[in-house]
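The domain 'ABC transmembrane type-1' annotation in TrEMBL covers A:66-272. As annotated by TrEMBL, transmembrane segment applies to A:13-34, A:65-91, A:103-124, A:136-156, A:182-202, A:209-228, A:248-275.
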Amino acid sequence: MTNSDKNRLKDKAFQVFGIFCTFIGLVVLAVLIVKIIMEGASRIDWSFITSLPSRRASRAGIYSAWTGTLWILVLTTIIAFPLGVSAGVYLEEYAKKTRLANFLEINIANLAGVPSIIYGLLGLEIFVRQMKLGNSLLAGALTLSLLILPIIIVTTREAIKAVPRSIRDGSYALGASKWQTVWHQVLPASFGGILTGVILALSRAVGEAAPLIVVGALAYVPFAPTSPLDEFTVLPIQIFNWTSRPQAAFLVNASAAIIILLLITFLLNGIAVYLRNRQQKKIKW
Amino acid sequence: MWLSAVITVLITISIIWVLLSESVKFFSEVSIVQFLTEKEWTPLFADKKFGILPLVAGTLLTTTIAIAVALPIGLTIAVYLNEYAHIRFRQIIKPMLEVLATIPTVVYGFFALTVVTPFLQSFIPGLAGFNALSAGIVMGIMIIPMISSLSEDAISSVPRSLREAAYGMGSTRLQTAFGVMVPAASSGIVVSVILAISRAVGETMIVAIAAGQQPRLTLNPLVPIETITTYIVQVTLGDVPHGSLEYRTIFAAGITLFVFTFALNNISFWIKKKYQEKYD
């Protein structure tokens, strides 16, 4: 065998290895989904969705968990959306390229890398103790808002960056002020991209359990929350609670709850991908 | 509007302030030397010992396993998609891999505990029900897309001329990839690995579910261990009175974690900044 043959052989071998590696992740994903559906799908019925948690696995449901998740989702959107988008617009359109802007940028990148559980500690001390919000939905939503703020800011900036200069110049040429240009031209043109980023950030928030455990979300909540100051649980925490019990029946419950949680995250991600594709098709600069 | 940008600075300041102020109270009761050198961590027991080393060891163990899984697989995927795969194949596969990153971590924890551990137990005798190995492997699978997509970006931003020169010299695709493209993209690949390490160090739910809650100073992946993040979850799940020493331990653990991830993130920014314009 010549050297060249050997090299070709190695090349082919790596190609096979490459295909193998590419599919390893997908196989794991498939096994995960199949296992969870096989175990949990038969457990999902109307009473599972409308029942409160119970010490008896067969009677337990996820009513308080999914209502808690929905509350958290809505509150987090209300808090994080305006904050994140306005910070993104400010940094991209208004801030001058000074040392301060540079510092803000590094700071935001740093925040994006802080582990979620640290945000939990922040929320525990600031919102739960200092602001005396207790272990409430509001404290949880504020904590998650801070967690996803860097993601929203970064994606907002990317979306705004994609708006071509000519649109701004056209607006200025017609005598529009800076604010009018941003509000009537730049924001509408980049709205699809911004929305995509916000939805992806929210899907991250929906799956978070650790920071909410730290701010004191409870594992056993025998009621559905009715105000932002109520105590709460969310789907990931309910799943964690059921997973850490020894009885097999609770593992089945956990699988069923995971199906619902995955449906929500995949739905949110699906909407985001759809919006992104539509945006890319509709607008050709 | 600048206020909203300033809030991000306030968040950083608050994180540091919260972690520091509670840790300072903690270190007024427990000496920092004891914290860093003692080999046992038992703040919740009657005989209290405050050595962070077992938690650090647990964190490093799961992180090492995760990177040992994710780095070879992720880098191979990046090289394969860039140098070998058809463009259509890449367009289909990339979003599918990204799905791995969107799955909530409790789901991965459930998977590690109920699927991976029993599977590993079938051929590794002596593997405990809770262990670092399966938590680490599953965490590795979770961060594959992080390494593969960041590394792929780095490789694909290497100028075409380098690849063409390699082919012109008669290199195979493999030789081009590992002789030219990967070294040329090394700073981007290193950044992706550092960010992945930082992510693995801060990961909570997988280890809290599947790795156990027993702080021990060991590098044996087959026994239950506890990571820094798991300890924080373990304490906050219970009812620890505000202001007690136990309450402060989670902030001391938190600041340890924060120092690790903060350092890693900033090293990655530094590398990115220093090397990014090499080819422009």
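Any Cβ shown, glycine's included, is placed from N, Cα and C.
Annotations in TrEMBL come from automatic prediction, not curation.
Sequence-distant neighbours of the transmembrane segment (A:136-156) (same chain, 6+ residues past either end, Cβ-Cβ under 8 Å): 68, 71-72, 75-76, 79-81, 83-85, 87-89, 91-92, 108-109, 111-112, 116, 119-120, 122-123, 127-128, 190, 193-194, 196-198, 200-202, 204-205, 208, 211-212, 215-217, 225, 227-232, 234.
Ranked by number of Cβ pairs under 8 Å to the transmembrane segment (A:248-275), the listed stretches A:13-34, A:65-91, A:103-124, A:182-202, A:209-228 are led by A:182-202. Away from its own ends, the transmembrane segment (A:65-91) comes close to residues 49, 53, 101, 104-105, 137-138, 140-142, 144-145, 148-149, 151-157, 159-160, 182, 186-187, 194, 198, 201-202, 205-206, 212, 217, 221, 224-225, 228, 232-235, 237-238, 257, 260-261, 264 of its chain (Cβ-Cβ under 8 Å, at least six residues beyond either end). Within its own chain, the transmembrane segment (A:182-202) is flanked in space by residues 73, 76-77, 80-81, 84-85, 88-89, 93, 148, 151-152, 154-156, 158-160, 162-163, 167-168, 170-171, 176, 268-269, 271-273, 275-276, 278-279, 282-283, which lie at least six positions past its ends and keep a Cβ under 8 Å from the stretch.
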